[in-house]
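Summarising the annotation, TrEMBL assigns compositional bias 'Polar residues' to 1-20, 51-60. Positions annotated as compositional bias 'Gly residues' by TrEMBL: 31-46. Sequence annotations record features per position, and here TrEMBL assigns domain 'CBS' to 675-738, 770-827. Positions annotated as region 'Disordered' by TrEMBL: 1-68. Annotation source TrEMBL lists transmembrane segment at 147-170, 223-245, 279-298, 304-320, 332-356, 368-385, 405-427, 442-462, 516-537, 543-562.
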């Protein structure tokens, strides 16, 4: 957070009283408990302009480099590496070594989008100009132009391979809780039974698959066998949970949770070192296999987005165009996020839309194309691996052929309302628990919490057939239609399947269906409660699959009710047309699908991407309208009962500096009400040609601001530019090491004019680290305009002036705190900058 205010000088330019509703108290270097570190960076958000928009070359850059045509030759003479960094220093030759760290950012700071995009344009202009010089330069130019496509190709390849390994590993370890294949222990239950000639399996088991009770007591039936199986189910779940939590705690603390709130914050321009690193990738992948295998109420879809983003971040370093430029790197991470959803659901189009709608803050058309390509490659690789052993890329692929009745829109919208209510209940309860975990001693014992929740979940889940099975299998069962091969309680209808080709007729529900409804109701309550306590624990845990399961249970129950209503009252007008023939006109599986979309939409507030993902899962384009109706009803109910989805709520809980572009600022305050410093407070500035190295180093020691305005003089505070604290430190340290004659009494010059010759030490010229075009507003600018500038221009800060004279500064943290204060929320919850 930047506060341009020394403690000993009053601000001579301040002429206005601050409003009573101006932004709250000021804090510098606020630490964040969730990430366990201290951040004091400048605020910022994502740049809204496309980097391929046409602009004429300015007469000077934001950093003092001249781009006028008269100086093209001098620009060409600069080394490529120097241009890649975009900064050089007066007093040093252009072919000198670059200053290490210039152009990079500290941990928990916000990037300067305009600075990074300016650097990329400088690099691009240099490469385009050099292409005419030699064949080798032409090849380098072609490589630079294609590097983005090559990078996303590699991201898609690696993401598909990692997803295939995770799916296969999780399937095998999940079945390990129930038994083992003695002939080949590395096969899961389904693969073990492929070679069997049996036509039917008892409880999904074949003779070649041995349960633990069969191995220990040589029996599958009876109380003893049940107790042995119960014990092994709990023991394996506890072992997997212990391994997952221990790996996360010891090797990669950032590998816990879903990862999507942090990915959204990172894509908006925030730096979280190691969050997308190699150790996080490895531990998240292994930990996800273990966590899914425990039977906890969690999914792998959200963590797959995190894993894919880690792959995108790591591979971007193979291409300096992206690895050295934080703004460009985020284009690759956006494409990787799309690939993550693509392999999680087998829905490449839905993945692209998910990245656009839910995750990415900046999504130009070029990134859209690359995201589409990346998601396509990832889905193709996963399909080639075929981890589920079927012709589809997802486990719960079903296909309906029954049309829906127009009247069914009423129960579909009702499912949307129910889904919105369930989602709001979950969000509020989960936030309460996460806040309790964060501020109580419970947060000091993450492994113990994971083991306790796992033990309770396993004990409760095993007796119920629907909670014992894998959640993805439960969703598949709820989505499926009842046929001749389905022997579950849900399909206990009074039907006789004598002809496979005959149309399934509508029938009365048998006792098994009512038993299934009671078990599903208990499963709904259990999964809702356990998901509240599970999401946010220190293991990899996603929210998509549990949300889909909750909605599918509700939808299936409603669907069975509608089906029986149509059976018992076929003559009433709402069923008289389609249901009068005796065919099964109501599809309970469709209601399960709509209910699943409703709850997931209410939890995440997704709309377009959710509908596309759901119809990609089912292959039923004709059901888009029911899905749209339920998704919109769920979103409206969720927005009415609670403003934020689960990811935005966790961003706010963790204090990340995320300025949501979807929100509106409707207050009537002015820039003067929010800027720092306030009336009668002081303003920390650097003069352009009258401060020595000692003066600047003293200023850096006495203040914690991360940037300083440069003005003409203390008495004449007209704005010259803006310089970052990090760049000042690096430049002074490098000058002392590399340039002779630099001493504490050397003047620091930020102008092109030659200083008056004196007998003192050589001056230090730092004009080229100066941002000569900082964004400025007047003190009377409405805050609505200022907030819009922060969102759309990606500002870290804006300087406030009056008649050209500097008054103060507004940073992103100021804006976030002001927004919270105007919304009657605690402004001190914004922890980072």
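Sequential numbering from 1, following the chain as shown.
Here the Cβ of each residue, glycine as well, is placed from N, Cα and C on the backbone.
For the domain 'CBS' (770-827), the DSSP counts in helix, strand and coil order read 23 helix, 18 strand, 17 coil. Between the transmembrane segment (543-562) and the transmembrane segment (368-385), the number of CB pairs under 8 angstroms, six or more residues apart, is fewer than three, so the stretches are not in contact.
In terms of DSSP secondary structure, the domain 'CBS' (675-738) contains 24 helix, 17 strand, 23 coil. For the transmembrane segment (368-385), the list of distant contacts is 148-149, 152-153, 155-157, 159-161, 163-164, 167-168, 308, 331-332, 334-343, 346-349, 351-352, 355-356, 393: same-chain residues at least six beyond its ends, Cβ to Cβ under 8 Å. For the transmembrane segment (332-356), the partner stretch with the most Cβ pairs below 8 Å, chosen from 147-170, 223-245, 442-462, 516-537, is 147-170. Within the chain, the transmembrane segment (147-170) has long-range Cβ neighbours (under 8 A, six or more residues past its boundaries) at 285, 288-289, 292-293, 300, 304, 307-308, 311-312, 315-316, 318-319, 321-322, 331-332, 335-336, 339-340, 342-344, 366, 370-371, 373-382, 384-385, 387-388.
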